[in-house]
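Novice: The 5-phospho-alpha-D-ribose 1-diphosphate binding site annotation in Swiss-Prot covers GLY79, 82-83, SER87, 89-92, 107-115, SER119, and the record cites sequence analysis as its basis. Swiss-Prot lists GLY79, ASN110 with the feature anthranilate 1 binding site. Under the heading Mg(2+) 1 binding site, Swiss-Prot lists SER91, GLU225, citing sequence analysis as support. Residues or ranges marked as anthranilate 2 binding site by Swiss-Prot on the basis of sequence analysis: ARG165. Summarising the annotation, Swiss-Prot assigns Mg(2+) 2 binding site to ASP224, GLU225.
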Amino acid sequence: MKNELEKVMAGRDMTENEMNMLANSIIQGELSDVQIASFLVALKMKGESASELTGLARALQKAAISIPTNLTNAMDNCGTGGDRSFSFNISTTAAFVLAAGGVNMAKHGNRSITSKSGSADVLEALGINLYLPAEKLAQVFDKVGLVFLFAQNLHPAMKYFTPVRRQLEIPTIMNLTGPLINPIPLDTQLLGTSRPDLLELTANVLKGLGRKRALVITGEGGMDEATPFGLNHYALLENGEVTLHKFRAADVGMSEVALNDIRGGEAPENAEILKNVLENCSSAFLETTVLNAGLGFYANGKVDSIKSGIELAREVIAQGAALEKLHELQAEQIG
């Protein structure tokens with residue numbers, strides 16, 4: 001590791017192969033927590049490259065437990081986290097809307113690292129079993145068109161990174177890598193990042209990892225979700241090309257809400273918020289979910305504009321289909 005660390009500290013990027021080999025050394029338990037921490041901090045100070053992200057993602061995905069699903073055209077909408085906005089679980093709530101709208105959602109996530117409630121925490125509060133074996137998860141996905149994939153349970157290699165990440169308490173390359181390593185092969189993806197400087201880079205990494213279409217979003221203030229306030233920036237991967245865009249709520253037919261109005265709490269509180277949204281209760285939480293689900297429909301290619309995606313999201317919720325999708329998952333991802 002010494003040579004790689006010196007290279008990074010000198011401001012030079014590691015190749016994909018170098019990163020892949022170093023990641024495999026970590027996965028095999030050959031490096032100490034201190035060595036892993038120094039490596040993560042050095043990468044953060046230098047700035048992560050596409051080759052480093054790709055090499056790490058390939059190593060971690062290869063080490064993941066495979067999900068033997070029969071479904072194709074899978075999508076995920078998880079974000080990097082680390083924005084410290086303390087919002088409710090936006091992408092998790094939106095996942096039910098997307099699944100109800102006909103998108104095969106392989107929702108990948110974890111417990112909270114820097115927030116009060118991660119996707120795993122809120123879904124566990126809703127009665128979802130985080131620890132089903134891979135074969136059962138595949139059955140749930142095939143039947144419901146939605147499954148929650150608990151990263152901690154499906155990425156045994158993460159046990160070497162998690163304690164270090166908790167102690168560092170800062171976003172690292174691991175936040176950027178998490179959304180890239182879904183155990184189910186993805187065709188499309190909506191990926192939220194708290195790093196607007198990495199929008200184009202992340203979209204190109206997704207292209208290299210085989211995504212057919214993807215959208216990488218950073219909201220106002222570095223939120224890793226689309227925000228119905230301020231300016232949103234995104235990179236769109238479409239037809240093999242990456243383009244950069246921006247929009248405000250008014251540009252997609254929405255009124256602005258305040259950040260304070262979408263703050264969440266601990267898992268039980270966020271679970272109630274999620275249910276209220278799917279029950280179509282008018283609120284800033286609903287508007288934020290509609291925006292992000294609409295963006296997801298657009299990222300998936302199901303609609304030809306963000307505005308059309310928002311309209312579809314409103315329709316799906318109003319018809320009760322999103323709430324029914326929650327009930328379906330609660331009935332199947334149990335035991």
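Glycine too: its Cβ is placed from the backbone N, Cα and C atoms.
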Novice: Relative to the Cα of ASP224 (Mg(2+) 2 binding site), which of the binding-site residues GLY79, SER91, HIS108, ASN110, ARG165 has the closest Cα?
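Specialist: For ASP224 (Mg(2+) 2 binding site), the spatially nearest of the binding-site residues is GLY79.
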Novice: Of the binding-site residues ASN110, ARG165, GLU225, which one sits closest to SER87 (5-phospho-alpha-D-ribose 1-diphosphate binding site) when you measure Cα to Cα?
Specialist: GLU225
Novice: Near SER91 (5-phospho-alpha-D-ribose 1-diphosphate binding site) in space, meaning Cα within 10 angstroms, which of the binding-site residues do we find among ASN110, ARG165, GLU225?
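Specialist: Candidates kept after distance check: GLU225.
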Novice: Spatially, which candidate from the binding-site residues ASN110, ARG165, GLU225 is nearest to GLY79 (5-phospho-alpha-D-ribose 1-diphosphate binding site), comparing Cα atoms?
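Specialist: For GLY79 (5-phospho-alpha-D-ribose 1-diphosphate binding site), the closest Cα among ASN110, ARG165, GLU225 is found at GLU225.
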Novice: Across all protein chains in the structure, which of the binding-site residues HIS108, ARG111, ARG165 has the highest Cβ count within 10 Å?
Specialist: HIS108
Novice: Below 8 Å Cβ to Cβ and six or more residues apart, same chain only. Which residues does that give for GLU225 (Mg(2+) 1 binding site)?
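Specialist: Result: GLY79, SER87, ILE90, SER91, GLY192, ILE217, GLY219, THR288, ASN292.
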Novice: Any same-chain residues 6+ apart from ASN110 (anthranilate 1 binding site) with CB under 8 Å of its CB? Would you list them in sequence order, or say none?
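Specialist: Listed in sequence order: GLY118, SER119, ALA120, PHE150, ALA151, GLN152, GLY178.
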Novice: For ASP224 (Mg(2+) 2 binding site), what is the secondary structure state per DSSP, taken as helix, strand or coil?
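Specialist: Looking at the DSSP assignment, ASP224 (Mg(2+) 2 binding site) belongs to neither helix nor strand, so coil.
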Novice: Around SER87 (5-phospho-alpha-D-ribose 1-diphosphate binding site), how many other CB atoms lie within 10 A of its CB?
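Specialist: Excluding its own Cβ, SER87 (5-phospho-alpha-D-ribose 1-diphosphate binding site) sees 24 Cβ atoms within 10 Å.
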Novice: Could you tally the C-beta atoms, other than its own, that fall within 10 angstroms of the C-beta of ASP224 (Mg(2+) 2 binding site)?
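Specialist: That number is 26.
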Novice: Where does GLY79 (5-phospho-alpha-D-ribose 1-diphosphate binding site) sit in DSSP terms: helix, strand, or coil?
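Specialist: Where GLY79 (5-phospho-alpha-D-ribose 1-diphosphate binding site) sits, the three-state DSSP reduction gives strand.
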Novice: Please report the DSSP secondary structure of ASN110 (anthranilate 1 binding site), reduced to three states.
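Specialist: ASN110 (anthranilate 1 binding site) sits in coil per DSSP, no helix or strand.
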Novice: Where ARG111 (5-phospho-alpha-D-ribose 1-diphosphate binding site) and ARG165 (anthranilate 2 binding site) are concerned, what is their Cα separation in Å, rounded?
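Specialist: Between the alpha carbons of ARG111 (5-phospho-alpha-D-ribose 1-diphosphate binding site) and ARG165 (anthranilate 2 binding site) there are 12 Å.
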Novice: Cα-Cα, whole number of Å: ARG165 (anthranilate 2 binding site) versus HIS108 (5-phospho-alpha-D-ribose 1-diphosphate binding site)?
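Specialist: A Cα-Cα distance of 18 Å.
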